[in-house]
């Protein structure tokens, strides 16, 4: 069954963080933990990354030459040595907890010691414009499949299978949900509000997308129109194609929003159109950085390959970012969350990072 690692006691924030500030829209904080076993090649690798909204701000990698939590955003660098020391110790303890969990999970599923397995967890909270909690998250996955998750009421668990029910019974007996709820309703919100205040110049910004439409002949009879949105923040954006004013959702190829490597995002949407009918199609772009939605058409005279080169370079940067992060969403299905930044949140509670009190261990 699962065993509980000792919960790390976190310093509470000062009363100066009383609910006085307000922010535009909702905001989120997420921590993603990933542990990957590698039989015959040493201890499992443990990686943690933290996000506020769509911005990664901290990272820890047990494979680093000197494993330590590192800043990934300028506004977090102002935290003092105690912050980094405390979080580093939390992550090292969590790495050990996850090692035990991986061993037990292998037993739950009757798996051999030869294969590599992945344990992922995500936790965090969403706050509204008034800085109050909208929703908390605490979820786990094993080998890319849901394992157990804290329900929206923050009082009960949902187990994905019979193995996870072992964990569920253990946590219910230990009243683990109460501890998670206390963190999510308290410290998680307080730390998120602190980060929003310290990083407001970056986190509250709204960089509008740079947009254009490109034309790619397929044959004598068809061509692809691709609508590009580049360099925008935050990540939430809407791209739609219309033909004579009617939405072409079913016929649109839409890629997921992807990081550009410079703390902004990219996205495109494409439709295949009959040659000669390109001007009947319009691309519509909505983003909070735009004073009003944009409507674009392909302009034959302005066709250029330069933006495409920029995209290719950006995607190359993206590949490096993704490989380096090995974040929790590698094999976990993303769960939808209310608020910016998506979700798949875990019980590590310190952001300082809270150490997950749970190890999936017997």
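Cβ from N, Cα, C; glycine included.
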Region 'Connecting peptide' per Swiss-Prot - which of 13-23, 299-309: 299-309
Range annotated as transmembrane segment in Swiss-Prot, from 262-285, 310-333: 310-333
Inter-residue Cα distance where the pair is residue 283 (disulfide bond) and residue 125 (disulfide bond), in Å: 34
Cα-Cα distance linking residue 227 (disulfide bond) and residue 188 (disulfide bond), given in Å to the nearest integer: 38
Residues satisfying Cβ distance under 8 Å from residue 227 (disulfide bond), sequence separation of at least 6: 211, 212, 213, 239, 241, 268, 269, 270, 283, 285, 296
Neighbour count (Cβ, 10 Å) for residue 125 (disulfide bond): 28
Cβ neighbours of residue 283 (disulfide bond) where a neighbour is any other Cβ within 10 Å: 27
Overall pLDDT for the region 'VL9 epitope' (3-11), taken as the rounded mean: 32
